[in-house]
Structure formats: structure tokens, C-alpha cells
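K.L.:
Dropping a structure here in C-alpha cells format, bear with me for questions.
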DNA sequence: AGCACGCCGACT
DNA sequence: GTCGGCGTGCTC
């Protein structure tokens with residue numbers, strides 16, 4: 001029998017199945033979806049079996065056998081193998097990348113080059129001997145300086161090179177002590193009278209006949225130690241086995257089970273529509289304003305699915321995967337839920353994944369990659385906040401979780417729910433066309449009024465002589481809340497404000513030597529750092545250009561705001577939440593918890609506070625500058641601004657107290673701002689659609705972004721131009737090709753970056769043409785040091 | 001991608 | 001004379 005294997009080598013000519021013979025004794029064990037170790041050229045690599053067949057057209061002399069099976073149970077289902085092929089086609093990625101992204105990182109192979117001793121220690125050069133004293137091999141990374149000597153030995157045949165393939169995490173085991181089943185058996189054991197410890201343990205065992213207990217637990221309960229246990233085990237009082245243990249990802253402190261809430265008529269209507277379609281592959285767009293109770297609909301829909309014996313996937317943006325959210329699911333579904341989020345270690349993620357694989361859980365809640373949960377009887381997929389750009393992976397495979405969700409829903413004939421207060425234009429357009437079924441929740445579940453939103457024209461403030469970043473009305477409102485002991489959230493769009501160092505004499509801003517971007521000041525380490533290539537250097541004391549001492553640090557936007565805020569309301573207790581204060585694990589949650597407990601009056605932060613903040617005492621939200629995202633050179637700028645403003649506004653007045661929102665802007669008449677004021681989604685949609693139609697962007701056109709990089713500016717622009725010429729000659733006349741042009745950040749890591757954009761409505765040959773392009777690229781340009789990446793349906797084109 | 005084979009310059 | 005530079009070709 002022959003196995004088709006996709007090997008773990010991400011390169012174009014390798015991106016296809018290779019045939020391997022399945023050794024006779026492995027035949028009954030081998031299944032598609034298993035990982036295998038195979039010889040490839042003169043090395044060994046890991047691969048995935050994608051198919052098993054009887055015969056091959058290949059010369060039997062060429063066929064090599066599989067070296068080793070890595071799994072007992074396939075890590076990928078036939079469905080996921082099929083999905084990988086689709087992803088390869090749709091996102092123009094390597095099939096191996098698509099396969100890898102579906103399994104937990106802990107299972108991905110680690111390769112380590114090493115040198116193995118093949119002769120006796122005396123036969124090799126003396127200076128190499130210490131390396132092999134303990135073990136018959138040495139890791140290449142440990143013996144770099146001895147490379148040439150090792151090579152000589154290799155020529156003699158005394159040492160051989162090979163690669164060690166291992167996976168990152170082993171299964172965690174715990175020692176289980178199984179006490180003998182009969183009292184007689186225990187009583188028959190003789191213990192010396194002076195072995196007090198053993199006698200004590202024996203008493204415990206006699207009282208716990210037949211019990212299986214974790215070793216650590218036994219030591220605690222019986223007040224004993226491991227050696228004592230072992231002596232009794234030797235005497236036959238108990239047996240020891242190693243059992244697989246799950247790491248406990250978070251303290252599941254007694255979470256009380258909660259029942260469903262009752263639904264409002266609007267919720268009920270939406271829920272009924274979903275319930276009627278549970279065995280169709282329909283996609284619903286659940287458009288509900290913030291606080292309208294979408295989550296309850298999700299929970300009850302999942303409940304229906306579980307009752308039908310099926311499974312559900314619930315995707316949330318990473319940032320809103322808060323403990324509160326997790327608790328809500330655990331309350332409803334108990335230990336039927338696996339949670340996958342970035343706070344887990346690789347081992348913990350793997351444990352959660354295995355629970356899914358073995359069918360021990362029925363619901364998975366997680367960020368983007370949870371869409372690949374290896375369920376076999378999927379009954380429902382939900383994407384909450386479906387407009388979030390984090391659902392699109394920004395490196396290969398550049399897939400969108402929404403597209404994968406719809407593919408899987410068709411496979412399983414189960415529905416998809418896309419939920420959002422501010423749907424993406426793409427999704428809303430599809431709902432308008434009837435491709436998706438639109439469900440609307442117009443009112444907040446507890447009928448709280450929407451917050452009162454005021455737009456403040458900062459140009460007027462400037463005219464009045466107010467040059468601070470706080471307008472008079474906002475400053476007044478902050479003071480008022482402080483007096484009333486209510487809480488305030490201030491929101492700053494990060495972009496355009498990142499910290500840098502400026503010389504006040506010559507105006508120099510410190511730049512990265514490798515990239516066309518200014519260096520970012522990191523207060524904690526007193527370093528200047530490039531966020532693109534990782535370059536860093538010490539903060540200078542004088543200007544590197546003119547040696548002036550008048551250099552000024554502009555702290556992160558939020559730091560600066562904090563300073564100014566202290567001038568406006570010196571008595572306020574301020575919590576700052578940004579990349580600097582949330583770098584440590586769990587810091588995010590700690591800050592939120594502190595704010596929730598009323599330990600601060602004002603929470604000041606960036607994007608990350610826009611979501612998941614649900615505290616009753618917040619009555620004022622201030623957006624310091626609505627313009628920063630609005631004027632980015634990206635076709636989604638208005639959409640993102642509208643979404644952000646709506647989301648931030650939703651943080652105010654979540655409970656009984658009414659909320660007020662102040663939005664400061666220098667372009668207050670822009671429709672993204674005026675329409676976000678009253679959450680008028682439909683008018684915003686209409687207007688933005690008109691813009692998209694006029695400029696030829698999604699959802700009217702599909703977009704492909706192709707990026708080129710090379711060390712040499714002329715070369716990269718030449719390749720980009722060649723590509724555009726090629727595309728123009730191959731694609732239909734109605735397709736628009738923009739560029740080539742230098743990317744917004746024209747140089748990263750000493751490589752120049754160019755890009756071009758394909759905008760098309762219908763382009764049946766596109767896939768084929770792009771494949772052809774890749775072929776040219778790999779044979780001619782790659783060798784000359786170029787890279788090319790293709791992003792289908794990019795979330796942004798900057 | 002990685003690795004071997006192969007053909008030309010600077011060292012013991 | 002050999003060590004080693006990287007061009008080119010292949011991987012079931």
C-alpha cells in the first residue's frame with residue numbers, strides 16, 4: 001500500500017503529495033490524517049498522510065518506505081484534509097501551511113541538527129571527545145566552533161549528521177497509586193515494627209482498599225512520602241501507573257451552573273429562525289446593537305445543538321476572550337467546554353485540543369484558530385464580532401475564519417451565525433442580497449437607552465484658544481463624574497501617537513537604520529526599538545545628528561495623555577492600559593479587575609479597552625481623537641472608525657446609570673462620525689457602499705494585494721512592474737490593477753517593499769494566473785533574493 | 001527549504 | 001596540491 005504524504009517543507013516545488021510505501025507491519029495502523037516521519041532526499045522530515053492508495057505510477061525503485069508513524073489516532077480528520085486543499089487554492093498558500101495551522105503548536109515538529117558518534121571515542125579527534133562523553137551525539141548548536149573538525153570526522157565515517165525530529169510538548173503524566181483491592185491482601189503483608197512510616201501508610205491503605213489516588217494527593221492525605229509508598233508498592237500493597245493528566249488551564253473555582261435567561265420577543269424571533277434551520281448550512285447575520293443580548297442567543301442556540309447530540313464552535317476576537325466570557329460559557333455548559341486562547345501555554349492548548357479530539361467536550365470557545373477544532377459532528381459555528389480584522393490571519397496561510405466557517409458549515413450541513421453590532425460591509429451586503437439571512441435586534445435587552453453621544457469640534461476649541469487635548473466640555477464632564485463618584489473611560493486611538501525621540505534643535509526623529517520607520521521609545525528598558533525588525537539601541541543623551549542636548553521624548557500617546565490629565569484633574573486616580581502596561585501575562589485582567597472594583601476613577605487606554613469592558617459605574621466615555629483611524633490611507637478607514645466609535649460608545653451606561661459619550665474630532669462632519677453618534681448603521685452602510693462603489697473596493701470588487709520585497713530598490717520595483725505588465729496581459733480588461741507602488745513602510749529590515757493591487761469583479765482565470773506568477777517568481781526571482789506574498793481579500797491594503 | 005554535487009580561487 | 005566559495009538541481 002502507498003501513502004500520499006505532504007511533507008513539512010514549505011517550498012513551491014515540494015508543495016504536492018509524495019508517494020511512500022507503507023511497511024507491511026504498519027499497514028493495519030496507518031490512516032490518512034496521521035503524521036509520519038519520512039525520508040526525503042538525504043534527510044528525514046515530518047509529513048501528513050493525505051491519502052492511502054493501492055498502487056502508484058511511480059517507478060518502484062524510487063519509492064521509499066515511511067520511516068515511522070507519529071500518531072496512533074489521526075490528528076486530522078478527512079474533512080480537515082479536504083479543507084486544507086481548499087485553503088491552498090483559496091488563499092494561495094502551501095498545503096503544508098494549511099495543515100500545520102490546524103493542529104496545536106505543541107504537535108508541530110521541531111527539527112534539530114546533530115552529530116552522532118558512529119565509532120569508538122578513541123577513534124575521533126581528541127578535542128571532540130568531551131562532546132560525546134555522556135551521550136553518543138551532540139547538537140549542532142552546541143558545537144558550532146568545531147564544525148570543520150566534525151566535518152573531517154564525517155568524511156572518515158566516524159561521525160554522522162542527522163536530524164532529530166521531536167514535538168514540542170510531551171503528554172503530561174501523573175503517578176496514580178492503585179491500592180490493592182482486598183483487605184486480606186494488605187493484611188498478609190509484613191512490615192517491620194520499627195518502620196513507622198510504612199505502618200502509618202498501611203493503616204491508611206487498609207482504610208482505603210481498592211482506591212486509586214494521585215500520588216501527590218496520597219502523600220498529602222496520608223502524611224507520607226514517595227519512598228514510603230514505593231516500599232509498600234514493592235511489597236505488593238499497591239500498584240503504580242502513569243496516567244495522562246490535563247493541565248488545569250485556570251482555576252475553575254466552583255463555577256455554579258446557570259440556567260438560560262428568558263428571551264425578549266426580538267431575541268426569541270431571532271432564536272426561532274436559527275432553531276428552525278439547525279440542519280441546514282444557512283449563514284445568519286445577527287445584527288444587534290451593543291447590549292442587545294446576542295450572547296444569550298448564542299448560548300441557547302448551542303444548547304439546542306448539544307441536545308441534538310452535536311457540537312458547536314464559538315469564535316470570539318482574542319481580545320474579548322476575557323475570563324468573564326469564559327465563565328459565562330462554563331456556567332452554562334460546565335465541563336462540556338474547551339477554551340482556547342493565547343494566554344494558555346502550548347501544553348495547555350494541546351490539552352484543550354485533545355479534549356476536543358477525543359470527544360470529551362462538545363463546545364469550543366476560542367480565537368481564530370479554534371475554527372479548526374477537530375469535531376466530527378459539528379452542529380453550529382458562531383463568530384461573534386464578525387467584523388473584527390483579527391479573524392483574518394496576517395501571515396500564511398492568510399485565511400479568514402469566516403470563510404472557513406462557511407466551508408465547514410457546508411460540509412456538516414449546519415448553520416453559521418455571524419454576530420455584530422457593526423457588521424462588515426461584505427457581510428451586510430451579502431445579507432442584503434439574501435445570501436445570508438439577516439436577523440436584527442434593535443433594542444437593548446434590558447431596554448436601557450443608548451448613551452447620549454456628543455461630538456465636539458476641536459477646531460472650535462482651538463479657535464477659543466484651548467490647545468490641550470481635552471475640550472472644555474469633556475474636561476467639565478470628567479470633573480463632574482469624579483464628584484459623583486462615577487467612572488470614566490478615555491479612549492485614544494494609538495496610531496500617530498507612538499512614542500519617539502525628537503531633537504528640538506534640528507528636528508531629527510530617530511529612525512531605524514534598517515527600516516523606514518521611526519524608533520519607538522520604551523520607557524521600561526530605556527531602549528529605542530524598531531517594531532518592524534526588532535532593532536534596538538540605547539536611548540541617546542544627545543542628538544545623533546547635531547549632538548544637541550535638547551532632545552525630547554514623546555511618551556506613548558497614553559503616557560502623554562496621562563500627564564495632561566493630571567493637569568486637568570489632579571485628584572483623579574488614573575489607570576493606564578496600553579501595550580506598555582499590559583506586557584505581562586494577566587496584566588490585562590488585573591487592570592480591568594482593579595477598575596471594576598472601583599480602585600480608579602479613570603481608565604485610559606488604546607484599542608484594547610474598546611471591548612469586553614462591562615462595568616455598571618461607567619457613565620462617561622471620551623474619545624480623544626476620532627480622526628486618527630479615519631485618515632489612514634486604507635479603504636476600510638471609515639468602516640473601522642465607525643465600528644470603533646460604536647464599540648467604545650457601548651461602554652457607557654451599561655447598567656442603570658445613563659451614559660454619555662464625548663467624541664472629539666477635527667473633522668466632526670464626516671459621516672463615519674456623525675452616523676456613529678446615533679448608531680445609524682443603515683445610513684452609514686448606504687453611504688459607505690456608495691464610496692466603495694465609486695472607488696472600486698469591496699464589496700463591489702474583490703481585492704488581491706501582492707507584495708514584493710528585495711534588498712535592492714531598483715530590482716524590487718522592476719519585479720513589481722514586470723508583474724503588473726504580466727497581470728495586465730493575462731487578466732480581463734474590466735479588472736483594475738493599481739500600482740506598483742512603494743508600500744507605506746517602504747523598507748523593513750533593509751528590504752525594500754513594493755506592492756500592487758488587483759481589483760476585480762469576475763476573474764475565472766485568477767487562480768491559474770497567480771499560480772503561473774508564482775512559477776515565474778520561483779524560477780527566476782527567488783534565486784535573486786526576492787520574496788513575493790499574495791494576500792487574497794486583505795483586511796487592509798496599507 | 002535543505003542538501004549534495006561540481007567547478008574555480010587562496011591557503012598549508 | 002587541498003579547503004571552501006556558492007551556482008544548480010533534486011527531493012516519492
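Every residue gets a Cβ built from N, Cα and C, even glycine.
Quick paste from TrEMBL:
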{"type": "BINDING", "residues": "A:503, A:506, A:543, A:546", "note": "Zn(2+) 1 binding site"}
{"type": "BINDING", "residues": "A:512, A:515, A:530, A:533", "note": "Zn(2+) 2 binding site"}
{"type": "DOMAIN", "residues": "A:275-441", "note": "domain 'Helicase ATP-binding'"}
{"type": "DOMAIN", "residues": "A:538-692", "note": "domain 'Helicase C-terminal'"}
K.L.:
Find the shortest Cα-Cα separation between residue A:543 (Zn(2+) 1 binding site) and the binding-site residues A:512, A:515, A:530, A:533, and name the residue that gives it.
P.N.:
A:512
K.L.:
CA-CA, which of the binding-site residues A:503, A:506, A:546 lies nearest residue A:533 (Zn(2+) 2 binding site)?
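P.N.:
Its closest listed neighbour, by Cα, is A:503.
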K.L.:
Out of A:503, A:515, A:533, A:543, A:546, which of these binding-site residues shows the lowest number of other CB atoms within 10 Å of its CB?
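P.N.:
Comparing Cβ neighbours within 10 Å for the binding-site residues A:503, A:515, A:533, A:543, A:546, A:546 has the fewest.
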K.L.:
What number of additional C-beta atoms lies within 10 angstroms of the C-beta atom of residue A:506 (Zn(2+) 1 binding site)?
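P.N.:
Neighbour count, Cβ to Cβ under the 10 Å cut-off: 13.
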K.L.:
Once A:512, A:515, A:530, A:533 are set aside, which residues in the chain still have Cβ within 8 Å of the Cβ centroid of the Zn(2+) 2 site?
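P.N.:
Near the Zn(2+) 2 site, the remaining chain residues are A:513, A:514, A:517, A:519, A:531, A:532, A:534, A:535, A:748, A:749.
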K.L.:
My understanding is the cutoff is Cβ-Cβ under 8 Å with a sequence separation of 6 or more in the same chain; which residues meet that for residue A:512 (Zn(2+) 2 binding site)?
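P.N.:
Correct list: A:518, A:519, A:530, A:532, A:533, A:535.
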K.L.:
Using an 8 Å cut-off from the Cβ centroid of A:503, A:506, A:543, A:546, can you name the remaining same-chain residues around the Zn(2+) 1 site, in sequence order?
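P.N.:
Result: A:504, A:505, A:507, A:508, A:544, A:545, A:547, A:548, A:550, A:551.
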K.L.:
Measure the Cβ-based neighbour count of residue A:530 (Zn(2+) 2 binding site), defined as the other Cβ atoms within 10 Å of its Cβ.
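P.N.:
For residue A:530 (Zn(2+) 2 binding site), the 10 Å Cβ neighbour count is 21.
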K.L.:
Let me know the DSSP-derived helix, strand or coil state of residue A:515 (Zn(2+) 2 binding site), please.
P.N.:
coil
K.L.:
What average pLDDT does the predicted model assign to the domain 'Helicase ATP-binding' (A:275-441)?
P.N.:
93
